[in-house]
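As structure tokens, the structure follows; a few thoughts come after it.
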2 protein chains.
Amino acid sequence: MAEDRIPDDDLLIADTGEVEVRPDDRVDDERHDQENRLKPAYVSAVHIALEAGDKGAVYDLVEPLHAADIADLIELLDRSERAQLASAISDLMTSDVIAELNDYVREDLMDTLSAQAVAVIAEQLDTDDAVQLIEDLDEADQRAVMAELEPETRAAVSSALAYPEETAGRLMSRDFVAVPEHMTVGNLIDFLRDEGDLEHDFFEVFIIDEGHHPVGTCALNWILTTPRSVRLTDLMQRDQTLIPVTMDQEEVALMFQKYALISAAVVDESGRLVGQMTVDDVVHIISEEAGEDALLMSGAGDGDINEPLREAFSSRVRWLIANLGTAVVASSIIALFGAAIEQLVALAVLMPIVASIGGNAGTQTMAVAVRAIATNQLTRANTRRILWREFRVALLNGGTIAALIGVAAGLLFSPMMGVVIALAMVINIAVAGLAGVLVPVIFERLDQDPAVASSVFVTMITDSMGFFAFLGLAVAAGLAPL
Amino acid sequence: MAEDRIPDDDLLIADTGEVEVRPDDRVDDERHDQENRLKPAYVSAVHIALEAGDKGAVYDLVEPLHAADIADLIELLDRSERAQLASAISDLMTSDVIAELNDYVREDLMDTLSAQAVAVIAEQLDTDDAVQLIEDLDEADQRAVMAELEPETRAAVSSALAYPEETAGRLMSRDFVAVPEHMTVGNLIDFLRDEGDLEHDFFEVFIIDEGHHPVGTCALNWILTTPRSVRLTDLMQRDQTLIPVTMDQEEVALMFQKYALISAAVVDESGRLVGQMTVDDVVHIISEEAGEDALLMSGAGDGDINEPLREAFSSRVRWLIANLGTAVVASSIIALFGAAIEQLVALAVLMPIVASIGGNAGTQTMAVAVRAIATNQLTRANTRRILWREFRVALLNGGTIAALIGVAAGLLFSPMMGVVIALAMVINIAVAGLAGVLVPVIFERLDQDPAVASSVFVTMITDSMGFFAFLGLAVAAGLAPL
């Protein structure tokens, strides 16, 4: 009595009624809060047990956790406590825990282990996770660990490491199921019962020709709903998305999203099947790629709270120095108008407002453009239309803000000051709208990541234009001398 | 000869050698560029054929495209051309195309169709996609479309609409496979061959008790690799992640990521199985949730390039007005120091530098904190540690920038000016580091989305503190009078 589409009458609630979210519907136990995070009280219980050196108590506390939660717990602890915890719960430190750990935390933990111990862990991992573990080590450690691996694992890992970072070749799993064209559904099931293991999950079976080239793919649910006698070549989908082994992870992620893939075949330069990518690995990439733009735009580099202090400093200070350069450019424009400011201090009071709102408007447009470029929505085919759209949004925004500040400045200072600041505001917000689209688009065409450097340029343009338009118009209007 | 882990000797490339990404390895055909986007030349060919009214030519151009690419093409065209294209290729406008369309574009397109036509499309969609189509319509249209639906679809859609937006109840699929506990692998396969359809993909089978409560789950690959005689209860995994029907989509997405799920059972208030969520739907949520923080932080609202102009204006201008308020606060601090600026115009020239770098440093820290909160990495259990970490990064950054600007200002203006600006810079960057963590953390504790309003507050703090510290120190040092 399996059901496909259960017509569940009890569930039919009146069209208009809304179901309220009650707090007690949510995850909530003695260890997790409602949002499925470990409770601070639980984390400090572990902390106290570690401090007391009570390994038994630590073990009892951690034992009921899921591997992903153990990884979270390790990340939440102080750096000094992490190795201590790992040794107290050594048999709970499964490959799943290691695979779920934040890259920086894992690297740090691996540094405390011998090459042999790391190799033992790598052997238990899926090849793609083993690669991730080993690629983070420095070169000497990498070589030491590789030397300790079984030949088969070593071969898989070194073949992965031969591909550039963040490509399908690095990330793909070398565990997949591929069968020849002549098989029937029955043959396949018999084969899987004989040969398959329960260890490696797979979601589709690839059909390959004699040259190892994929010719089609069968989802497992198709196989399960089809009589034994049907030939796989009659069931399979011929039109499949193939991932070239050198494809960048960002493009892989976009492919999975665009075509709603669960898994996909990875092929080498000659089109032969060499691995598969599965969606559970790709979700991490999607989340990382979508989330990193906010960090890159703010100049926060990797922006991981587990990043070592020195790396966080060096990636962020670089952008602050760049920002220092652009701020100096903007302030040299102010210097041109020194006499005007000396005469009329109100100019110094009001000028940061024009620059600040312009910067904000530019950042809004830039964030929209960067996101649209990242999701392949803003392309050469519609750049002109989007530029025109953003320019109109900017004029509406500029008009509104100009009216507000113009009236206020007109009343507080002088009517002419109101006109000057309103005009400067419209000009600066319009320029911000254009720069917010053009700067990321230009970086993209130059094959640079538009998220990385757009912010510095957009801010420089809006700051400089804000000071120049406002002070320049004030001088032109005769409010102050040049 | 299926293979699990193919030991593929040809693939073994020397440890040290790197494989270069060659442009010709990538997707590239007459319609797609290397990054799998539609080529501008192709889009304008469609545009020209539409303008000429040549439906046959349009059809021939579009016919070879995948559904997801047809959706992309519609989005790339001007608004006026979209309905025109849809009518020219009506039999290619499958439910897959509709499901892949951007929300705004779909809504716009649906507005051009009759309720009956929309109902016909909704019937072809999976229930979750039908819900997405119908929930976007305004209330009158919603009712008209609902009236045209088959009773079964209407029941499913109205039960979904009874749940709040962005909850599992709205998003789940009502098509899933659930079987009773007594079944064996053989029974299940026989049942699926009799009853299953090839239309709805599924990745696991849920085992339920007599009360419809899920008791375990079997991945399809386990079923395929297990002999017919094994009981499902012996094969299934008892420990499964259940999604409450009222769970917010953001939490669902985090669950899928944390536990690497492909699909998961959705249960109602009494723990009965009512639907499933599958990862192909969740990837869109993951991408949306991760990507929206950059947009929210910049105050760009939904930030979708297909959003109607009026909505884009109203969501953005709101934040610009808020920013106007905070800029006025900062500029009122400048007004306090009018006499000082009149005496020493250099202060007006240098003060925006202190405010700007502080703002940038605050935004960096804030972006890191917001991302860490969104991914459940920054919780009550480690807030103090992260605050301390960010403060130390800020001191390092502040020291570096202060040294640079201090020396420059010391040489260009006066040694005391160098000291003043350096001190002000350290103070402002340190404050920025603290505010960058505390503001989003406080919003989170107040149950507000930290991405939404943090930016305005952080900028206000860094702007005001920048002006106050710099101008105040200048007066205190005797560089200028108050």
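Note: Cβ is positioned from N, Cα and C throughout, glycine not excepted.
Within the set A:251-274, A:347-370, the record from TrEMBL flags A:347-370 under the feature transmembrane segment.
Looking only at the domain 'CBS' (A:236-292), the predicted model's pLDDT averages out at 91. Sequence-remote contacts of a segment are chain residues at least 6 beyond its ends whose Cβ falls under 8 Å from one of its Cβ atoms, and for the transmembrane segment (A:347-370) they are 293, 297, 330, 334, 337, 340-341, 378, 386, 390, 393-394, 397-398, 401, 405, 409, 413, 417, 421, 424-425, 428-429, 431-433, 435-437, 439-441, 450-451, 454-455, 458-459, 461-463, 465-467, 469-471, 474, 479-480.
Secondary structure by DSSP for the domain 'CBS' (A:236-292): 24 helix, 16 strand, 17 coil.
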